[in-house]
Amino acid sequence: MQVFADIAVLREQIKQIKREGRRVAFVPTMGNLHEGHLTLVRKARELADVVVVSIFVNPMQFDRAEDLKNYPRTLEEDLSKLNGEGVDLVLTPTPETMYPQGLDKQTFVEVPGLSYMLEGASRPGHFRGVATIVTKLFNIVQPDVACFGEKDFQQLAVIRQMVEDLCMDIEIVGVATVRELDGLAMSSRNNLLTLDERQRAPVLARTMRWISSAIRGGRDDYPSIIEDAVDQLRAADLEPDEIFIRDARTLLPISSESKQAVILMSAFLGKVRLIDNQVLDLQTDTKASSEEE
């Protein structure tokens, strides 16, 4: 496994790989790797001859300085895990390398609409930061395919739209969320939970499954379902942040045309913000009754 901090040196390596006609898969990460990240790496290995991973805590996508400061950084452990998975190339740039003129003078990429709805409405600039860094990394790595986790559902939608809009010749593959045995979605932020918070954290996933069961059972009173879910979270001392039930393709409100719904949830446990989502098929009769209202 080769590790690069220098973009130009990595580019030369990628050029040689391309000249040899080998297919490149890319997994961008912010480090503090867990089984969810490694699942992305394994999927990438299935799809290409060469696997490239980046480790970069992107300051442009953080809306709170405290979150950026506290984000876990475990580079040596991360490199050991990637080496164990047979990763070929790893890019570990610094903020100064990625943003040599500083964030204020950085050209940015922004996906209209998707970037400022749902989570984007409460985190202005977040998805701009995501789209910008992913575009920069795509330009550096020049992958044929890139793998992203479905846990960050809106982020995946933003990236797919960006790739389509900018005519990037890159296949975007979404990989299912990996969960702990108690159902909690794996996340680097889970390491910041206290023991007591960690024991309560699975309530988020349980509440999400309850919402799914309610919809599958025929309920289409979505505002009322969300109110009930908020009560369930607060009963376990989780502070609800956002709960949405939307069309899984457009992220717009459910309509008679919707074939699938996505439940998007976030809640705070102490200072840690947890997120989760679930996609489910919609029954024809449920959609019809919802539209009639």
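Every residue, even glycine, has its Cβ placed from backbone N, Cα and C.
Annotated features, as they stand in Swiss-Prot:
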BINDING   30-37, 149-152, VAL178, 186-189  ATP binding site
ACT_SITE  HIS37  active site, proton donor
BINDING   GLN61  beta-alanine binding site
BINDING   GLN61, GLN155  (R)-pantoate binding site
Separation of alpha carbons, the residue listed as 'active site, proton donor' and GLU150 (ATP binding site) (Å): 11
Among MET30, LEU33, VAL178, which are binding-site residues, the residue with the most C-beta atoms within 10 angstroms of its C-beta: LEU33
Cβ neighbour count within 10 Å of SER188 (ATP binding site): 19
Cβ neighbours of GLN155 ((R)-pantoate binding site) where a neighbour is any other Cβ within 10 Å: 23
Cα-to-Cα gap, GLY36 (ATP binding site) vs the residue listed as 'beta-alanine binding site', nearest whole Å: 20
Cα proximity to SER188 (ATP binding site), best match among recorded positions HIS37, GLN61, GLN155: HIS37
Distance [Cα-Cα, Å, rounded] between GLN155 ((R)-pantoate binding site) and VAL178 (ATP binding site): 17
Same-chain residues at least 6 apart in sequence whose Cβ lies under 8 Å from HIS37 (active site, proton donor): VAL27, THR29, GLY149
For GLU150 (ATP binding site): DSSP state (helix, strand, coil): coil
Secondary structure at VAL178 (ATP binding site), reduced by DSSP to three states: coil
